[in-house]
Amino acid sequence: MNDVMLSVAIFLIAGVLLFLLIAFIYIWMAVARKQQLYGYIGTKEKKKKNKKPWNERLMVPIIKGAVYLSPTAKKYPLFGKHDHYERLLAKAGNPFQLRLQDFYGMRYILGISAYVFGWIYFILGLPFALYMLILLPVAAFFAPDVWLRMKAKERQETISLEIPDFLDVVSISLRAGASLDGAMGQVAKQMGGPLGEEIERLGREINLGVPRMTAYENLLYRNDAPELEMLIQSLIQGGELGVPVSRTFRVQADDLRSTRGFRAKEKAAKASPKVTVITTMTIVPSVFILVLGLLFLNFMYNPEAFGLDIFLR
């Protein structure tokens, strides 16, 4: 009897130990798998952060070619209005650290590349080769103008969208006792983006001894967003008249949000006629041509259906 009890006890102890061993192995494998998964996700996120968008990767060789040709392009800037393009570059935030001569170089590198491509297209005898040879280099030469205007417009719209939040946070900081320049600089640093860059640059200019009015003028020269101009006017009035700007900023932020809503509704209202015009100009002529084409083919190959066979005898 004692031997049986001892055997059962040993069996139970062995079973418990085996269960604990299996549980330990399972938990260890689960933890190892989770750590491996976390490491994989971290590596993937790091790769995603380090990996640039395809359009930025495409711009790298173009920018290098533009920098290489920039000395020549600066000497012969075809259709170049220096003041106009300098301000456009400033509004766009100097994308890819472009200088004015680099922008002219981009025109040359794209125009030359398109000209070479047009000749290859022409030599191969592909359709519309002559038009490609003539029109493609011209379009490529002026493509940087369109791109720069789009970048400038996009950046100014982003600044306009960021200003209400910026004013709210600065207003709260001012009511908490922070100085105006300190609050604007700290909020700009935390927000980042185009508006943060411009406000930080404004603060650096003032700290370097540039007169405040001159720094404001430089800021408005680099940007044409009406919301930013309103912000600068508030700062000027607050400095001249001694008006507390915290309440002004809060009211302006609410007004700008209301204005943004009205603009969105206005754009939505304008979109419907545009869609109608596009539909009318594209789909309706296509359907009209299709119907007329079918009628013409029926007239040609099945005149009996229209009673025209008597005229063809």
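In case you wondered, yes, glycine gets a Cβ from its N, Cα and C as well.
Taken verbatim from TrEMBL:
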- 6-28: transmembrane segment (TRANSMEM)
- 104-122: transmembrane segment (TRANSMEM)
- 128-148: transmembrane segment (TRANSMEM)
- 166-292: domain 'Type II secretion system protein GspF' (DOMAIN)
- 275-301: transmembrane segment (TRANSMEM)
The domain 'Type II secretion system protein GspF' (166-292), counted residue by residue under DSSP: helix, strand, coil: 112 helix, 0 strand, 15 coil
Tertiary contacts of the transmembrane segment (128-148) (same chain, 6+ residues out, Cβ under 8 Å): 78-79, 85, 88-89, 92, 95, 103, 106-108, 110-115, 117-119, 121-122
PLDDT averaged over every residue in the domain 'Type II secretion system protein GspF' (166-292): 85
Contacting positions for the transmembrane segment (104-122) when only residues 6+ beyond its ends and CB under 8 Å are counted: 62-63, 65-70, 72-74, 77-78, 80, 98, 129-130, 132-134, 136-145
